[in-house]
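Annotated transmembrane segment per TrEMBL: B:21-41, B:80-106, B:118-139, B:167-190, B:223-241, B:272-294, in sequence order. What TrEMBL lists as domain 'ABC transmembrane type-1' is B:81-293.
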Amino acid sequence: MSSSRRALGLLIVTGLGLSVAACGSTAEQPAPAASAPGGSAKAAAPVTISVGCQPPKTNPLQRKDWDDDVAAFQKLHPHITIDSKDGFPCHDVKTYDAKLAGGQMEDVFYGYFGDVQTAIKAGQAADITAYADTITTLKDIDPSVMAAYTVDGKIYGVPRGNYKVGLVYNRKLFTQAGLDPNTPPKTWAEIREVAKKISALGPGYIGYGEYSAGNTGGWHFTQSIYGRGGAVVDETGKKAAFNTPEGKAVLQNLKDMRWTDNSMGTKQLYQWDDLMRLMGAGKMGMILGAPDVITELHDNRKAKYEDFGLAAFPEAKATLGGGDGYMFNPKATPEQIKAGLLWLDYYVLTPGRGQFDYARQKATGRAVGLPDNNVWGDSPTGQKLLELRKANSTLPTENFAAYVEGSADIPLKLEPPMNQQIFQILDTPMSAVLTRQDADIDQLLAEAEAKVNDVLSKAS
Amino acid sequence: MNVASVGRRPPSRRGREARRNLTAYGFLVAALICFGLFSWYPMVREVLLSLQENNFVDAPTWVGLDNFETVVEDPAFAQAWINTAAFTGLALLIGYVIPFCAAVILNELRHAKAYLRFVVYLPVMLPPAVSVLLFKWFYDPGPGLFNQILGFFHLPGLAWLDSTDTALISLVIVSTWMNLGSGTLIYLAALQTIPSELYEAAELDGAGMFKRIRHVTIPQTKLILLVMLLLQVIATMQVFIEPFMLTGGGPENATVTVAYLMYQYAFNFGNFGGGSAMGLMLMIVLIVFSAVYLRVSRENT
C-alpha cells in the first residue's frame, strides 16, 4: 500500500470529521452581524430580528410584497434589520410543536390561535404588554380576538388574521343538483336535504364531509357543539361539558347523515388533508370551514374561487374562532420586541398597507374580496378595512355575502384548554358514529366525558 | 507497489505501524462522532427528558417518574401496547412469510427475473405518502379497489380501515406491501449463496419442491432468517407512518400504537417528558426482547 493512498485516507477522514463539526456549529445559528447604518447620526443601537412566515418562493407575488415592504421598512428604521424566515407551510403540524418546544422559533414567530395559550402557559412566548402600544390600531382590535393573546391582563402577541368557522360549499354541485347556489342552507335540516341531493348525483359524490381522525374529529366536534350553543369544557376549564343534549345532537346528526341519509360517503376517518383533497377534486358538497379553506383549495388544490360559496355556520349560537398571529421568543431582548412590533404594525396591522394593501394585490392580479380577515371587527379601523377590500374586490363577493352578513353577530369562541388531548379523546365518538351503525351515542359521550375529566384534573 | 520507497529511506517498522494505526483511529473517530452525535447522545437525552418537565426554554425541572405515571394512566396507553403487539404479531404472520416466499419463487424463475425483481422492489421506492394515498382508495368501503374485487367474486365487501375489527390488519397489509421489496432482495441474495449441489443431491434423493425448501433452503438461510425476524420485530414494534397517515389512530383508537401515542405526547400535546417516557419504555421492551431472542437463537444454533 503506497503512502500516498494512506495520506488520502487520512485526508478523507479528517474532512469527514471537519464537515461533521461544521454541521454542529451551523446549527447554533449565530446572529448575523447587523450592518451599521452608514453615517446616520441619530441611529439607535442596531438590532436584528428574525421574523417567521415570510411567504414562500412558490408564492412569488406575496413574497415580493413582503420583501419590498421589508426594504421600505428598513429604510424607515435604519437601525432595524429583518431576517426573514420562510416556511411552507408557516405552521407545519409535524414540526411546529417540536420547534416551539425546542426553543428554535424566530424572535417574532408565527402561530395559530390554538397554539397561543399553550405556548404562553409553557413559557414559550414573551410578555410584550409594556411595548404593545407600538401597534397603532391596538385599541380597535376585536376584544374577543385580543383575548386569545391575553392571560391575566398581560399581552403575549398580536393577531395577524382571524375568522369564524362557517360552511364552505361547492356552488357547481348545488347547481348540478338543481339547488340555488345563492341560497345556502341555514339549518341542519336544510344541510341534510342538500347533502342527500348532492350524494344522489352519482357514485363518488359526497354531500357532506366530516373529519374523524388524527385529532381533527375532536376539533370539528368542538366547532359543531359551539354552534349549537354547547361547550366542551365548563367555565372553570376543569370539567367536561359536552355530555349534553347539544353534544348528543351533534353526534346524532352525523349518525343520521352517515347511515340514514347515506350522504357522507363510504370512507371515513378523514383528516385535514383528506377533506381539502376531496373538496378540491370537486365531488364533495359541503364541509364546515372558514374562508381560509377556499384559499387553500385555490392555492394548493387547483380549484377555482368562483366554484365555492361561503355561508354562516348553521343555526349558530357561537362559533369557534380561528386565526393566526405573531408571538415573541422569550429569549428576545426588549429592543428586539420593540423592533418586531414596529414591523408588525407596518406590515400586519394597518389597513391599506402590508398584508392589507388591497390596491397592490389587485394591481398585481391577485384575488381580493374573500372575507378572510378582519381582526378589528366593527370598529372604525374594521370599517375602513371593509371599505378598502370592497373597493379593490376582484372576486364575486356575493358568493360570500351569506357568510359576512350571517357571521357578524355570532360570538367567537376559543378552543378549550388541553385542546389536542381533548380532541384526541373526542375523535373516538366522532369515528364511532361515522364508522359503526350501532354506535351508542350516550355511552360514547359518557366515556369521553370521563376521560376528558381525567385529563383536566391532572392538568390543574 | 514499491513506488513509495524509491529514493527514500524505508520507514521504520514502528513508524509504519503508528501511521497505519493513525489511519484506523481516524476512521474510527469519524464513526464514533457520528454515532455519538446522532445515536448515543439522543438516547441519553431521551432518558434525561423522560425524568424532566422541559419546555426547552426555562430550566428543566426534575419530576422523577411523573412522566411515566402520566402516560401509564393515559386511557389509550394499554390499548396502544395491545395494538402494537397485535400489529407486530400479524406482521410476523403475514409480513415475515411473504417476502421469503416471494424470494423463493423469484429464485426458481428462469425468465423475466430482473423485471420481476424490479416490480417487487418498486413499492419501496414509492414515497410513503403516495402508497398511503393509493391504499386510501384501495380500502374505500364503497367504490374501493379491494371491495370491487371482492364484489366481482360475489363476496361481501369489508369496511377495511373503517372498522375496529379490520383496521389493524389493513395497516399490516399496507406495511407488508411497502416493505416487501427490501426483505425479498435480502432473501434472494441469501438464496443465491446456497450451493446448487445441495438441491441436486436432494432431488436425487427424491425430494419434492416443499421438501427441498424445508430441508435445504430453510436450514441454509437460517442465519439470515433469524436476523431478519429480529429486525422485523424491532421495526414493526415502532410502527408509526401507517397509523399516522392512514387512520389517525382511529376508528375509536383501534390503531393507536405506542409510537403514535409517543408522537401525540411529544408533538401534539407538547409533553416531551411523556413522549420520552413512552419512547424509553418501547426501547427497554425492544432491548429485553433482543437480548432474550439472541440468547435463545444462539443456544439453538
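Backbone N, Cα and C define each Cβ position, glycine as well.
What you are looking at is a predicted structure, and each value in this text was computed from that prediction instead of being measured.
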Can you tell me which of B:21-41, B:80-106, B:118-139, B:223-241, B:272-294 gets the most C-beta pairs within less than 8 Å of the transmembrane segment (B:167-190)?
B:80-106
Can we call the transmembrane segment (B:80-106) and the transmembrane segment (B:21-41) in contact, meaning three or more C-beta pairs below 8 angstroms at a sequence separation of 6+?
no
Please give the sequence-distant neighbours of the transmembrane segment (B:223-241): residues at least 6 beyond its ends with Cβ less than 8 Å from one of its Cβ atoms.
84, 87-88, 91-92, 95-96, 100, 128, 132, 171, 175, 179, 183, 186-187, 190, 257-260, 263, 282, 285-286, 289-290, 293-294, 297, 301
